[in-house]
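Quick one: the structure is below, and I'll ask about it shortly.
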6 protein chains.
Amino acid sequence: MAELTHLDASGTARMVDVGDKAITQREAVATALVCMQPETFSLLRQGGHAKGDVLTVARIAGIQAAKKCADLIPLCHPLMLNSVDVDFLLDAEANAVRITARCSLSGKTGVEMEALTAASVAALTIYDMCKAVDRGMVIRELGLAEKLGGKSGHWRREQGPD
Amino acid sequence: MAELTHLDASGTARMVDVGDKAITQREAVATALVCMQPETFSLLRQGGHAKGDVLTVARIAGIQAAKKCADLIPLCHPLMLNSVDVDFLLDAEANAVRITARCSLSGKTGVEMEALTAASVAALTIYDMCKAVDRGMVIRELGLAEKLGGKSGHWRREQGPD
Amino acid sequence: MAELTHLDASGTARMVDVGDKAITQREAVATALVCMQPETFSLLRQGGHAKGDVLTVARIAGIQAAKKCADLIPLCHPLMLNSVDVDFLLDAEANAVRITARCSLSGKTGVEMEALTAASVAALTIYDMCKAVDRGMVIRELGLAEKLGGKSGHWRREQGPD
Amino acid sequence: MAELTHLDASGTARMVDVGDKAITQREAVATALVCMQPETFSLLRQGGHAKGDVLTVARIAGIQAAKKCADLIPLCHPLMLNSVDVDFLLDAEANAVRITARCSLSGKTGVEMEALTAASVAALTIYDMCKAVDRGMVIRELGLAEKLGGKSGHWRREQGPD
Amino acid sequence: MAELTHLDASGTARMVDVGDKAITQREAVATALVCMQPETFSLLRQGGHAKGDVLTVARIAGIQAAKKCADLIPLCHPLMLNSVDVDFLLDAEANAVRITARCSLSGKTGVEMEALTAASVAALTIYDMCKAVDRGMVIRELGLAEKLGGKSGHWRREQGPD
Amino acid sequence: MAELTHLDASGTARMVDVGDKAITQREAVATALVCMQPETFSLLRQGGHAKGDVLTVARIAGIQAAKKCADLIPLCHPLMLNSVDVDFLLDAEANAVRITARCSLSGKTGVEMEALTAASVAALTIYDMCKAVDRGMVIRELGLAEKLGGKSGHWRREQGPD
């Protein structure tokens, strides 16, 4: 039967011991949406440099957050990421920024949490930089899109979360 | 016209100077949903200690993340929170955990980002502890619910994000 | 003759170079006691959830501290722990919480400091959560109980420190 | 009746809200012992520079740890210390280093945890620098010696913990 | 006679106690130069977006480093910055980026170290992003340009360091 | 043609993917100068213990900063250093402290940034400890002196930066 691996038989929280896991190439992709008012979206997408700056700040925040994942998520293992990418797509129909964060590792444990943390902090940074004009922005559909490597192999979300 | 306060006239990212702001009592509430499969929800809610442990770990992660907000969000100011609360409601109809994070401060700048960061990291921690049984969980509707204090005064989301 | 490996020939503090050490499976166990008034001990052990919460918070604090060891202890190497376990035993005769912290690693350097740091911060967290009723609690007998792996092999404390 | 202030009525861990507390001058002193073999103690106390280096490294580690207290102890508030002092006394009769850590603050919350954290990490650093010659060193009697300021006023341990 | 305030009468490193200092408005400005090959300088200054990205990443790194100053410089006090600005000037004659970092605070201690740390880490980030084409870049003339507030009042470097 | 590896084809900042790089033995040496008034230099070099304390504090700060490099420099990879050495030479002719920082690693990426960060933070710490007597001190000629390992092999600065 399925069980929560972060709880032992007595229900106590624990870090999974990865000592016996093989070192494999692992990758994970997480996505999220930052939804805003049409006016906010216009401000964000207009003019090259300003937009570039908001998204560059958010990208850097996401990359740095991925590196801090084990410090933020209590039962995550420290690990040495091979790469972190954070990309943005301005979705004019949805008045939303679509965030894709991708992490890779040669290691014993998956990088799902690193990718999710990167997407989450990138989204919060966009919120922070635009909140003076739109306090009601909402971060939606933050989830894992795909993972590769490790014992469980390839997994892909059957349909996007939105 | 509205403008992004984290960009200066030339579109360059900057930290807002709060030197001239008054010290007032400030508070912010953020909410989020962690949506999961019915089976995962059942595992999470069953039995006292195990559930307690998952939610206690998530609460601690959220509280610690609020204290790290200025380290995660590049243009946030360091500040000395008076309190951080992270609460959970198990919503059986939605098969979801509803997270409410509340931060307060006597200071020069709002605590919206601290509350949002606490809710976000608490949600990610629940994801982490349950992901072995349900990789497809999605974090939805992360947003500000209310804020008090500061020049802009009281603000409340007119309708919940979901 | 014995020498302090963290000082060079001129007595200057230095980080030991582990470049030529072999990667082996390493493990270390540290223990500590948190001694308190009988009334405090009763408060702590009574009722399931409350006790669970104090010890879960202390466990998480200990686990996270082990991951931060190289940031706290100046000459420690950063490393990638395979696991951290922190366990508690309520010793009614001694009115004390007995803490056992166990760390493991596949790496070039021992994990004694990580285990000691986990036990120490778990003990301090118990102190923090109970100090309002018992400021005089004392942390006793924090020491290494056992280590395995590395050039020096297996070591076990001949008798418990208390 | 006495109660654990870090648990609410339902036994859930929480951060105490210090919003209504007055800003007062606060101070706390913590002490600890690092007990070792006579040979280790001789190595440590001999020759000026080497000893100076071990104790200076331990002092710096203790000071930096006091500044990180809110990051290590989950329910501690971030605060702005006025000072941190870490002093050492070489006790030849006990073959031990006696550590005294003193923190002060103008603020809303006590600095006991900061002083205890400083003493604890200073002790661990001495252990780290001497462990190659004496793995069995033990940290004893880590406790609060004195506190001043705040609503509870002056408190002093009636007798030293050892 | 002049003395090093971070050493006490016996020559031991210590954190200055700022408990009795007045809270005043303080400001500090630090400057530095990143000197490079003409070809590197051309790559950096050409085309809007790429340049913007290098300098935005460096700016964010500098701002975040100022917030971490007390964690990096052992005897610095934690403090709550009102603002951090990091600006860049492309000096085509010198084939150098001129960095100016400015920090302000309402507090008990100066912000010179925060400004110097911001300038230093911004410079290192530029080095990092350009090092693949020019390993020989040199960071020059990192120093304090001006400070205001506090007991010592206004100070300005009589001539620029270069 | 040479290109900035931290920018992709569209000029967006990115972390280099090191997944396909070989694990080799790598080493880097960085140097810097802290230039001061003759009176400051005399204070610093006089008497054993005081000088020892300033330089030991600076050494520890440099070592700890090397371990935090990936947290400070946004596009650096987290890595597990084999060693960090920070050495000082008191140059009486130049009234300057010459800093040499050396880092080594068995890994996929170079350690230039770690060595530069160590030298930089050691220099800033010397500035901090002496600034009360000499605010005008300047950090000069911070640069890479040598690197070994990796695809680009051995590189040595043809002439010192000063």
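Yeah, the Cβs are placed from backbone N, Cα and C, and that goes for glycine too.
Caution: TrEMBL annotation is automatic and unverified by curators.
Copying in the features that TrEMBL gives for the protein in this structure:
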type	residues	note
DOMAIN	A:15-150	domain 'Molybdopterin cofactor biosynthesis C (MoaC)'
BINDING	A:Leu75, A:Cys76, A:His77, A:Met113, A:Glu114	substrate binding site
ACT_SITE	A:Asp128	active site
Let me know how many other Cβ atoms fall within 10 Å of the Cβ of A:Met113 (substrate binding site).
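A count of 27.
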Mind sorting out which of the recorded positions A:His77, A:Met113, A:Glu114, A:Asp128 are close to chain C, meaning Cβ under 8 Å from one of its Cβ atoms?
A:His77
Determine, to the nearest whole angstrom, how far the Cα atom of A:Cys76 (substrate binding site) is from the Cα atom of A:Asp128 (active site).
26
For the domain 'Molybdopterin cofactor biosynthesis C (MoaC)' (A:15-150), what are the DSSP-based totals of helix, strand and coil residues?
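Split into helix, strand and coil, the domain 'Molybdopterin cofactor biosynthesis C (MoaC)' (A:15-150) gives 51 helix, 44 strand, 41 coil.
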A:Glu114, A:Asp128: which of these recorded positions has the sparsest Cβ neighbourhood within 10 Å?
A:Asp128
Cβ neighbours within 10 Å, counted over all protein chains: which one of the binding-site residues A:Leu75, A:Cys76, A:His77 has the most?
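Output for this query is A:Cys76.
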What is the maximum Cα to Cα distance, in Å and rounded to a whole number, among the residues A:Leu75, A:Cys76, A:His77, A:Met113, A:Glu114 annotated as binding substrate?
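If we measure all Cα pairs in A:Leu75, A:Cys76, A:His77, A:Met113, A:Glu114, the largest is 12 Å.
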Report, in sequence order, every one of the recorded positions (A:Leu75, A:Cys76, A:His77, A:Met113, A:Glu114, A:Asp128) having a CB within less than 8 angstroms of a CB belonging to chain B; if no such residue exists, report 'none'.
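In terms of proximity to chain B, the recorded positions that count are A:Leu75, A:Cys76, A:Met113, A:Asp128, given in sequence order.
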State the mean pLDDT for the domain 'Molybdopterin cofactor biosynthesis C (MoaC)' (A:15-150).
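Mean pLDDT across the domain 'Molybdopterin cofactor biosynthesis C (MoaC)' (A:15-150) comes out at 94.
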At the Cα level, what's the spacing in Å between A:His77 (substrate binding site) and A:Asp128 (active site), rounded?
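The separation of the Cα atoms works out to 28 Å.
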